[in-house]
Amino acid sequence: MKFATILSTTALALSSLVASKPIFLSKRDAGSSAAAAWRSESIYQLVTDRFARTDGSTSATCNTGDRVYCGGTFQGIIDKLDYIQGMGFTAIWISPVVEQIPDDTGYGYAYHGYWMKDIYAINSNFGTADDLKNLSNELHKRNMKLMVDIVTNHYAWNGAGSSVAYSNYNPFNQQSYFHDYCLITNYDDQTNVEDCWEGDNTVSLPDLRTEDSDVSSIFNLWVAELVSNYSIDGLRIDSAKHVDESFYPSFQSAAGVYLLGEVYDGDPAYTCPYQNYMSGVTNYPLYYPMLRFFQGTSNSVDELNAMISSLESDCKDITLLGNFIENHDQPRLPSYTSDSALIKNAIAFNLMSDGIPIIYYGQEQGYSGSSDPNNREALWLSGYSTSNGYYKLISSVNQIRNQAIYKDSKYTTYWSDVLYASGHVIALQRGADDQRIVSVFNNLGSSGSQTVTFSTKYSGGEKVVDVLTCQTSYANSDSTLTVSISGGAPRIYAPASLIANSGICNF
């Protein structure tokens, strides 16, 4: 690996006995307890305004095309924590919580939370500061974590960039805190990306001079206070690649928690270096080949397999990347395909891959909204069904992942071995030698079937269980495993010893 280790020689020797690819930790935040603790989390991302209302309504109108506040609140989230925890999630990621511009713009209202006006005030549409504290407290009572989305790149203005009234902002209330107005025109020019503005002249996004010490000092004091006041466990940073990289080291130190930066780029050579400045980044390099593989039955697994290898080579710590197949910026997977087998494979792959899994609210109900704003539906209109097949799948996959972590606290530090990658099937193996989980994914589709055999680290004749069907199998005498795929379903095999007395599949 290309980065330093904080493990002793003895520890390295021991780790090599139990894992084919032990993770080597960097000297800085990747090895800190704040970041390391997030490896074992499974995150449920939600849009606060669209998840749950205080009145508990399951019929309140919410037309996504109107781009208005629909009434979701912090209290609504609290009231539905059983629903989230029932899927096995251990953390939630909520929308930015600070005060937004109040205008009805050409793109609607700031219900999403990315159009800041005052970083010291809470968005009253979501509730009060006490409501947010209560949400944090209720999560921690359940041993769950709170991740809050934040924006450090820009504020917002209803209108042209040339007409911004900076005095309306708090605390950055002078033009001198912001870059001169210019829209981004060249995403291959990093200076243009960092110093010019996102947005347009309908809603302009005044770009902060985060490279200036006065701006960074204010943000550092603010984030330390935010984390302390609301007992926040992690932060997701919007538009991270648009902020000067020198801003992040002191900000990471001031925050003192896991930082997940949105680096909206599919090239690992561009995305991975951001781990030099913050704990983790959203895994867009994996997202694109994952989407292309699981959105239909025509693509082979070659591109996805190659990206897994590239991430291992280019990233400092793949176990701190945030993996996703849907989010608030991308069309939902069911907008590309209605094949439930493909969707289930994508969900299971996302949850079992190396890194921190993130599921976007509504995936468990099969929501199919395409681009923003259609992918920001009101979840209450689903009735919060717990009988949906996707809800049950997510629960089952999180359950085996959580069991693996319970049995071996180092499980999430191991890198997966690709046991098989050919045609339309990929098999991954992860964990210590005596507790390895083998996951088999495909894009054969609901009418597809195939039988594959590949080598594993299982002992000859070892009893294994597909935790998604509860069917028992045995490793072959030569330690290979024969897997029969029917109906294009994913398979996740665990040694019977791993799930003993867990309740999984009645063991």
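Keep in mind that glycine also has a Cβ here, set from the backbone N, Cα and C atoms.
Since this is a predicted model, take the numbers as computed values, not measurements.
Here is what Swiss-Prot records for this protein:
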SIGNAL    1-20  signal peptide
BINDING   Trp115, His154, Arg236, Lys241, His242, Gly266, Asp329, Arg376  substrate binding site
BINDING   Asn153, Glu194, Asp207, His242  Ca(2+) 1 binding site
BINDING   Asp238, Glu262  Ca(2+) 2 binding site
ACT_SITE  Asp238  active site, nucleophile
ACT_SITE  Glu262  active site, proton donor
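Feature map: annotations from Swiss-Prot on the structure.
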residue: Trp115; record: substrate binding site; DSSP class: coil
residue: Asn153; record: Ca(2+) 1 binding site; DSSP class: coil
residue: Asp207; record: Ca(2+) 1 binding site; DSSP class: strand
residue: Arg236; record: substrate binding site; DSSP class: strand
residue: Lys241; record: substrate binding site; DSSP class: helix
residue: Gly266; record: substrate binding site; DSSP class: coil
residue: Asp329; record: substrate binding site; DSSP class: coil
residue: Arg376; record: substrate binding site; DSSP class: coil
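Shown are the binding-site residues Asp207, Asp238, Glu262, Asp329; the one with the most C-beta atoms within 10 angstroms of its own C-beta is Asp207. Between the C-alpha atoms of Glu194 (Ca(2+) 1 binding site) and His242 (substrate binding site), the distance comes to 4 Å. Of Asp207, Asp238, Glu262, all annotated as binding-site residues, the residue with the shortest Cα distance to His154 (substrate binding site) is Asp207.
All protein chains shown were included, and the count of other CB atoms within 10 Å of the CB of His242 (substrate binding site) stands at 24. Annotation: Glu262 are the binding-site residues among Asn153, Asp207, Glu262 whose CA atoms are within 10 angstroms of the CA of Arg236 (substrate binding site).
Spatially close to Asn153 (Ca(2+) 1 binding site) yet at least six residues away along the chain are Glu198, Leu205, Asp207, Leu208, Thr210, Asp238, Ser239, Ala240, His242, Val243, judged by Cβ distances under 8 angstroms.
A simple Cβ count within 10 Å picks out one of the binding-site residues Arg236, Lys241 as the most packed, and that one is Arg236.
Cβ neighbours of Gly266 (substrate binding site) (same chain, under 8 Å, six or more residues apart in sequence): Tyr284, Pro285, Tyr287, Tyr288. Looking at Trp115 (substrate binding site) and Glu262 (Ca(2+) 2 binding site), their Cα atoms lie 16 Å from each other. The maximum pairwise C-alpha distance among Trp115, His154, Arg236, Lys241, His242, Gly266, Asp329, Arg376, the residues recorded as binding substrate, is 25 Å. Taking the centroid of the Cβ atoms of Asn153, Glu194, Asp207, His242 as the Ca(2+) 1 site, the other same-chain residues with Cβ within 8 Å of it are His154, His179, Val193, Asp195, Cys196, Trp197, Glu198, Leu208, Thr210, Ser239, Val243, Asp244. Sequence-distant neighbours of Arg376 (substrate binding site) (same chain, six or more apart, CB under 8 Å from its CB) are Val47, Arg50, Thr64, His112, His328, Gly369, listed in sequence order. With respect to their backbone Cα atoms, Asp329 (substrate binding site) and Glu262 (Ca(2+) 2 binding site) stand 11 Å from each other. When other Cβ atoms within 10 Å of the Cβ of Glu194 (Ca(2+) 1 binding site) are tallied across all protein chains shown, the result is 19. His154 (substrate binding site): 24 other CB atoms within 10 A of its CB, across all protein chains. Mapped onto three states, the DSSP output places Glu194 (Ca(2+) 1 binding site) in helix.
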